[in-house]
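These notes concern the structure reproduced below.
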There are 4 protein chains.
Amino acid sequence: MYQVLVAGATGKMGRKAVELIEQKSNFALAAVLAPSIADSDLTLPQTTQCFSDLSQINHSYDIWLDFTTPQAVYQNTEFALQHQMRPIIGTSGLTEQQVASLQQLAQQQQIGGLIAPNFGLSAVLLMKFAKMAAQYLPDAEIIELHHADKKDAPSGTALATAQQIQAGRTQPVKKTWSQNSARGLNVDGVPIHAVRLPGYIAHEEVLFGGTGEALTIRQDSFDRGSFMTGVNVALDKISDLTQLVFGLENLL
Amino acid sequence: MYQVLVAGATGKMGRKAVELIEQKSNFALAAVLAPSIADSDLTLPQTTQCFSDLSQINHSYDIWLDFTTPQAVYQNTEFALQHQMRPIIGTSGLTEQQVASLQQLAQQQQIGGLIAPNFGLSAVLLMKFAKMAAQYLPDAEIIELHHADKKDAPSGTALATAQQIQAGRTQPVKKTWSQNSARGLNVDGVPIHAVRLPGYIAHEEVLFGGTGEALTIRQDSFDRGSFMTGVNVALDKISDLTQLVFGLENLL
Amino acid sequence: MYQVLVAGATGKMGRKAVELIEQKSNFALAAVLAPSIADSDLTLPQTTQCFSDLSQINHSYDIWLDFTTPQAVYQNTEFALQHQMRPIIGTSGLTEQQVASLQQLAQQQQIGGLIAPNFGLSAVLLMKFAKMAAQYLPDAEIIELHHADKKDAPSGTALATAQQIQAGRTQPVKKTWSQNSARGLNVDGVPIHAVRLPGYIAHEEVLFGGTGEALTIRQDSFDRGSFMTGVNVALDKISDLTQLVFGLENLL
Amino acid sequence: MYQVLVAGATGKMGRKAVELIEQKSNFALAAVLAPSIADSDLTLPQTTQCFSDLSQINHSYDIWLDFTTPQAVYQNTEFALQHQMRPIIGTSGLTEQQVASLQQLAQQQQIGGLIAPNFGLSAVLLMKFAKMAAQYLPDAEIIELHHADKKDAPSGTALATAQQIQAGRTQPVKKTWSQNSARGLNVDGVPIHAVRLPGYIAHEEVLFGGTGEALTIRQDSFDRGSFMTGVNVALDKISDLTQLVFGLENLL
């Protein structure tokens, strides 16, 4: 039975994480951490320890599951590693340098874990498959579609997908680029097109073309609840990890 | 039985038109016009008159079906109207001014006809439906996808579709436009995205978004043979026309 | 300023209708009808009359907007017509015979109105376009996709779409039907395929094929809030109606 | 420089294979085999040996590339293996038992090779990705779309894809199966839907659904020329193989 501490248990994602752990056999909700845990309406098993501050934690749990804030996440992960708790970090905001530093610490402590900016399984599989396909079909374009209120374009996932495609290529792509915004934004030799329309939620398509054929990979995120499928996979695989891995795709 | 003259009978489209007429009940291939008709390998019924030049034509056929060249099309259409032949013009290259001038001539001659830059039925229906949908769902984007060798972007059909959407709108579209080529080319308040990949042929999607819902219309042109479905519709409807109509969509 | 009575104002759809009327210029929320209105948490303008029973209504409002129950809808619509209120009926459950009887009453009372089993604008437009396309492209198939919990298959909208396609055809479809469930359920010469998967919400695609080309119309319902776009259209057009119309598509 | 023999060089696929070898650096078209090679219009390098029968071949080439007939393929592959030529077999028609027997022979001869019923790279990648995705998203359905003249349904590729999905699953799929052909043909717990429409060529979609999300993989075969991309991959990897591998997916 793995003992899990959920950090950020009173937040939107944290609550879903609490639910997941309670339903999952072989995993116990041993502790929660949240500044406002005392005033929260969260219902917890009597056996669950409640902490409102890092300094109160005097026990080493098996797994540290973190859905907190960009301000808290670095210190939390450091604390977990120093106390031999395997971190699963779903909180965004860590810089590249911070990730590198935490990976070094994990190595010193000889403990594995996961930092995953995206737990959406369909998005992570899309990126993984896109990288693999690019080895054989280097010509690719990305269309990402989001609700009209999304201010930035292209999306972070689209940018990450373009990087994966470029990383997967074993032959150069022919660059015949029109000076025309109809042809999208060129990222790593992959044109990205961003659609913003009311009604849409969060969707991404990768289109590959080869002689006489096409391959398309699409993912649709209809609901944030989808992230827990990815957390579930992470919990099942965390014990096998001997390093602090970055990206859920490296566990699939 | 309608007597049809096919102008440009030895060309790629003209040959398909000849085949179509021969298969179609109520229509007879009465005559063909082509400069090189004498040397052609085209097999024709014995009853079909062959002309290599306008000046040889001394009879008024019911329908003038034209798949010639931008150089010949204006004079041909003028000739047809002056001799009371209903023109169906599939040849491109007429200017707006030439179309207006021919429409005036048709009115004087009290004869109807059709000038259609695009006989692809799926593309024409897409444009028609896009205009209708825009009345209720003004927020729209276009994605057009073509083979990697297509030099221009966006496609002419995509531009025409954007104009139809704008014409169909009864309420203004909110303009929140990012200065970013990922958001496509803004044509009449419709972002157009152009994909160019090997393998693809000619495809277009129009995406509409409204509160909690989306509507998508897509057309695929796999083969130029598709144009004859549109010519067939034009032949069936030409007798009802009392004006020289521009655009197959106005017959549907 | 049109005076509107919302029947079923405390229900899920009724509440959205109340919101819509309050936001809409030229329309006033004059009255609401709901058995439990006295105990409801619904916040209404002071000028809005509240009725818990039909018998209390002693005034003729311009429009009767109904989102009640299959048990109440027939009597409600009859009452509205008898008192010169134009009905817009979003409640399901009326039989064909009841609809016919109400249409006769509307004619006697010389008043127009609308009965709409589906206010989803994208679904209604899809059906309208499918009927139109079938005139030129008679070969069609339907794929409808819903969440895994939907018990029935195919969906009511898919069946209605197949009927529209059949009604739109002007030429017979070739019947080459395999005795194989992979080829779907044959409804009016249109194969219907029903996909049931977790994650999905409510989606429908109509695929048309012709020589060398294809046309696809797709609609996605992500959220029930989408229905209010259709109600809004109905409110704008209701004054022009001189009959009791069945189906939103006949207003578009 | 690898010496290649192309068997079936005068056929449709064989001719494309000849073209491919001639363009490819490090590979030389050393020989061709075809019963009617003497009368063929095929233009070949002067250095290429021409054989009309197996019995004429008195040299061991590096690679045996086979696009012949179901009648010839078994004997050809056996011959290649016995004479230390690495077979790449694109000809269909080998039974499971014949494949097993040839694999045993390859082991005895200590030589690797490939038998690939499908060289379409997009189809092979689709199957590979579908198997991988099924590990995390076991709920899946297949839609395959082909031209109206295709007699059988579902397609062989769709059946093979369903088997791959079943092989990839690590958790059982819930079986809630409606007795209704709208729900498709149940193959290994994967509903398959087959669309047959004019215009379409050969396309396949795999739809995965999970909590709040969906993943879709689609491939389009527009043209048989696409197969040569897969043959090209096979040629590049054949030297690394130590067994007679079945299925291009096992090289990707």
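The backbone N, Cα and C atoms fix where each Cβ goes, glycine too.
Heads up, TrEMBL stuff is auto-annotated, nobody curated it.
It should be emphasised that the depicted structure is a prediction, and the values quoted were computed from it without experimental measurement.
NAD(+) is bound by C:Gly8, C:Ala9, C:Thr10, C:Gly11, C:Lys12, C:Met13, C:Gly90, C:Thr91, C:Ser92, C:Ala116, C:Pro117, C:Asn118, C:Phe119 in TrEMBL, and the record lists one more residue there from C:Asp39, C:Asp62, which is C:Asp39. Comparing Cα positions, C:Thr91 (NAD(+) binding site) lies closest to C:Thr157 out of the recorded positions C:His146, C:Lys150, C:Thr157. Each of the binding-site residues C:Gly8, C:Gly156 was scored by the number of other CB atoms within 10 A of its CB, and the lowest score belongs to C:Gly156. Of the recorded residues, C:Asp39 (NAD(+) binding site) and C:Gly156 ((S)-2,3,4,5-tetrahydrodipicolinate binding site) place their C-alpha atoms 35 Å from one another. Least packed by the Cβ count within 10 Å, out of the binding-site residues C:Lys12, C:His147, is C:Lys12. Taking Cα separation as the measure, C:Thr157 ((S)-2,3,4,5-tetrahydrodipicolinate binding site) is nearest to C:Asn118 of the recorded positions C:Ala116, C:Asn118, C:Lys150.
In the three-state DSSP classification, C:Thr91 (NAD(+) binding site) falls within coil. Largest CA to CA distance in the NAD(+) binding set (C:Gly8, C:Ala9, C:Thr10, C:Gly11, C:Lys12, C:Met13, C:Asp39, C:Gly90, C:Thr91, C:Ser92, C:Ala116, C:Pro117, C:Asn118, C:Phe119): 30 Å, whole number.
Counting only the Cα atoms, the space from C:His147 ((S)-2,3,4,5-tetrahydrodipicolinate binding site) to C:Asn118 (NAD(+) binding site) is about 19 angstrom.
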